[in-house]
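A.B. asks: Taken from TrEMBL, the feature domain 'Phosphoribosylformylglycinamidine synthase linker' covers 9-51. What TrEMBL lists as ATP binding site is Tyr50, Lys90, Asp478, Gly515. According to TrEMBL, the domain 'PurM-like N-terminal' annotation covers 74-188, 431-544. Here TrEMBL flags His94 as active site, proton acceptor. Under the heading substrate binding site, TrEMBL lists Arg115, Ser518. Annotation comment: TrEMBL describes Asp116 as Mg(2+) 2 binding site. Annotated domain 'PurM-like C-terminal' per TrEMBL: 226-341, 558-694, in sequence order. Look at TrEMBL and you will find Asn516 tagged as Mg(2+) 1 binding site.
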Amino acid sequence: MINQDVSIQLAEDLGIDQEGFERISKNLGRLPNLLELQIYSVMWSENVSYKSSFNWINSLPNTGTNIISGARQSNAGVVDIGNGEYCVFKMGTHNHPSGIDPYQGAATCVGDVCRDIVSVGAKPIVILNSLRFGEASLDRTKWLMDEVVKGIRDYSSVLYMEKMGGEVCFNSCYDTNPLVNILVAGIVQKEKLLLNRKMIPGQLILIVGNSTGAEGVFGQDENFTIPKGNPDIGSVLIDSILKLNDENAIVRIENLDMAGIVNAAASISVHAKHGVDIDLNQIPLNQSGLGLEQVLLSRTQERMMLVIDKDKQDLVFSVFEKAKIPCSKIGEITDDKTIRLTEASNVVAELNAHDLVMGYGAPQSNRKHHPILKEKDVDFLEIVPEPGNYWKVINQMVNNPNLIIKESLQLDFEEETNQSPSDAQISMKNSNGKALCFTVSGNSVYSFNNPNLGAQINIARAVRRIVCSGGKPLALNDCLNFGSPLEENVFSQFVETIKGISNASEFFDTPVVGGNVSFYNESSVLGKRVAINPTPIIGMLGVISPKTNHMSYMYRNKGDVIFLVGESRNDISGSEYLCSIHKKCNVGVPYFNLDEEKAINRTVAYLIEKKLISSAHSVERGGLFFNLIESSMPLGFGFDITSPAEIRQDAFLFGEAQGRVVVSVSMENEDRFVDMMMESGVRFSTLGHVTKGELRIDDISYGSIDEYKKGYQQKAIK
């Protein structure tokens, strides 16, 4: 064993306090050497160990009838979708790298999440994104957005995945700290799932893919470099691994991401319940002069660690050789429980994996937090005057960047991938007669004002979208984006968010099968670090069975009757309208009721099943007016509606009260629709009818849909 003098001062310089240093020494039965201390420092960091958040996220509901595996068992959630097929999906973030090098930060996020999908044997097929940027008018924001979108598109295109879009939002709290949250999903046959295959002493450990460099080792070091992706290598690497999995040649796969080789080896060790020997001299390097800690902790992209049986090594090496992918044997599983690292036959570190891994022996912190008291409800309709000119309001609203980008994305994805657009994004790639549907949902304004309720609304909205698309919600992932957990107020927001997610996911029977926590998201304001709004993002999976139940949000025929399922309310809290027109931003949370949500979802699902409606569309950001615009755009129709006398018109058109779905009904189905709604007990009302293209509200014309569509195409931020 190579030993170097270490001290408590050195440990503290590496972020390990005296208690942690004493714990390490006790676990090892000796003082750690420098390399071991460096490994502990990274493995016990917030990014790797989730020391502030693990106990909280581990409390979330994570089991269910269709759930095969959650985050503790594998690198991605695995859900049974029937007929011997599993859907594997995962969300990940690269917020901080994307703020420095947005192209590579976003591209490598796609690659990392894809490799997590592949690590359980699934082929990535679809990708969605949830992106947050600062003020849309800033040159930096435009640059960040252009580069992030390009990074996502370039990497995913090489992997031939369906780019399904998602959501993009702007808020000044993200001016210097963008959020890049990615959801990737794949499909695997039941018998090909790489999960819980037995690992035994003597099996070989390989590293495949790129040679190792120093990228991404020290996040706070001045020499820190953003890892760079190579989708061409990544694509061939994925194809080769899937080919070997078809040959049953792989026992386990680990993606080499955060904390690199050490983290992957520790994960293998704890799951195998055996030790691991790694020969550092066998690891291919792309540069000379690397320290051992750099080799072990590197985040060089397009690398994976494999466990294989010895009798499969000729096949494995042959496949990678033909693909021109580097493959090296670097170690094996041992019959003890020690991670043993050697260089030139010298043992340079001996560690117990249990002490290192999140959810096992890695220490957890009990951060201070407090209940966040619900603010007194404010009736903003009593504070702000009703507009006298709705033409002027609409012209201002259609220039709102959050609404421009939303509508332009609808147009993009309708033209690129989906001729029958729906609230959730649809994939028909699985072969069992079903369709998969996905959505990502987040609203930091709601979460800023009430983290618990904001989280519940995000989940309810995701469920509603899937139901409106003809699907049944099955499970969710989350990306939880917050400021510093060292700040009591921030950590209290996090805790309340967890409570909200727990409540809503259990209520809707959508277990949390994976996710990601990203702390220390802060923007610089007048030289001070200010936390972003709490931004939980929900990624949800649903299944449409049969796939002929797929429901679009677009209007299909002139003369179809437009109904509102749910209830209009005198409520503009938390709305884009309140911020855009009255400059009251980041205030209020819209009306929300879980029981009403469930009743409406049940009713809409029945309407779709019985073929009683022609379209269904959840009312969300921008309110009813923008809901109607979205449904009109695809085929160039319009609408003629009447506002109810008891609801103030701005609340009716632009309020964001939850629990509302707009449906269109053919004239031949109208009587059956009304009868069914009367039987359901769910409130509903007639809004009007679909027109050839004109937009009319209370007998006043607001132009044609072609004018709006042309305007969005011209105004969209490219």
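Our numbering is plain: 1 for the first residue shown, then up by one each step along the chain.
For all residues, glycine too, the Cβ spot is worked out from N, Cα and C.
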A.B. asks: Should any of the recorded positions Tyr50, Lys90, His94, Asp116, Asp478 have a Cα within 10 Å of the Cα of Ser518 (substrate binding site), which are they?
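C.D. replies: The recorded positions close to Ser518 (substrate binding site) (Cα within 10 Å), listed in sequence order, are Tyr50, His94.
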A.B. asks: Would you mind listing the long-range same-chain contacts of the domain 'Phosphoribosylformylglycinamidine synthase linker' (9-51), meaning Cβ under 8 Å and 6+ residues beyond its ends?
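C.D. replies: Those are 1-3, 57, 219, 258-259, 262-263, 266, 292-293, 296-297, 341, 348-352, 355-358, 361-365, 485, 517, 519-520, in sequence order.
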A.B. asks: Near Asp478 (ATP binding site) in space, meaning Cα within 10 angstroms, which of the recorded positions do we find among His94, Arg115, Asp116, Asn516?
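C.D. replies: Those near Asp478 (ATP binding site) - Cα within 10 Å - are Asn516, in sequence order.
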A.B. asks: Mind computing the max CA-CA distance among Tyr50, Lys90, Asp478, Gly515, which the record assigns to ATP binding, rounded to whole Å?
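C.D. replies: Farthest Cα pair among residues binding ATP: 17 Å.
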A.B. asks: Please work out the number of neighbouring Cβ atoms within 10 Å of the Cβ of Arg115 (substrate binding site), leaving out its own Cβ.
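C.D. replies: Total other Cβ atoms inside 10 Å, all chains included: 28.
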A.B. asks: Please report the Cα separation of the residue listed as 'Mg(2+) 1 binding site' and Asp116 (Mg(2+) 2 binding site) in Å, rounded to an integer.
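C.D. replies: Taking the Cα atoms only, the residue listed as 'Mg(2+) 1 binding site' lies 13 Å from Asp116 (Mg(2+) 2 binding site).
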A.B. asks: Per DSSP, what is the residue count of the domain 'PurM-like N-terminal' (431-544) in each of helix, strand and coil?
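C.D. replies: For that range the per-state counts are 44 helix, 42 strand, 28 coil.
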A.B. asks: Look at the binding-site residues Asp116, Asp478 and tell me which residue has the greatest number of other C-beta atoms within 10 angstroms of its C-beta.
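C.D. replies: Most Cβ neighbours within 10 Å: Asp478.
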A.B. asks: Quick check on the domain 'Phosphoribosylformylglycinamidine synthase linker' (9-51): DSSP residue counts for helix, strand, coil, in that order please.
C.D. replies: 30 helix, 0 strand, 13 coil
A.B. asks: In whole Å, how far is His94 (active site, proton acceptor) from Tyr50 (ATP binding site) when you measure between their Cα atoms?
C.D. replies: 16
A.B. asks: Tell me the Cα distance separating Arg115 (substrate binding site) from the residue listed as 'active site, proton acceptor', rounded to the nearest angstrom.
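C.D. replies: With distance taken Cα to Cα, Arg115 (substrate binding site) is 15 Å from the residue listed as 'active site, proton acceptor'.
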A.B. asks: Which whole-number mean pLDDT does the model give the domain 'PurM-like N-terminal' (431-544)?
C.D. replies: 96
A.B. asks: Around Tyr50 (ATP binding site), how many other CB atoms lie within 10 A of its CB?
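C.D. replies: So the number of other Cβ atoms within 10 Å of Tyr50 (ATP binding site) is 21.
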A.B. asks: How do the residues of the domain 'PurM-like C-terminal' (226-341) split into helix, strand and coil according to DSSP?
C.D. replies: 51 helix, 28 strand, 37 coil
A.B. asks: If one measures from the C-alpha of Gly515 (ATP binding site) to the C-alpha of the residue listed as 'Mg(2+) 2 binding site', what distance in angstrom results, rounded to a whole number?
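C.D. replies: Here the two Cα atoms lie 12 Å apart.
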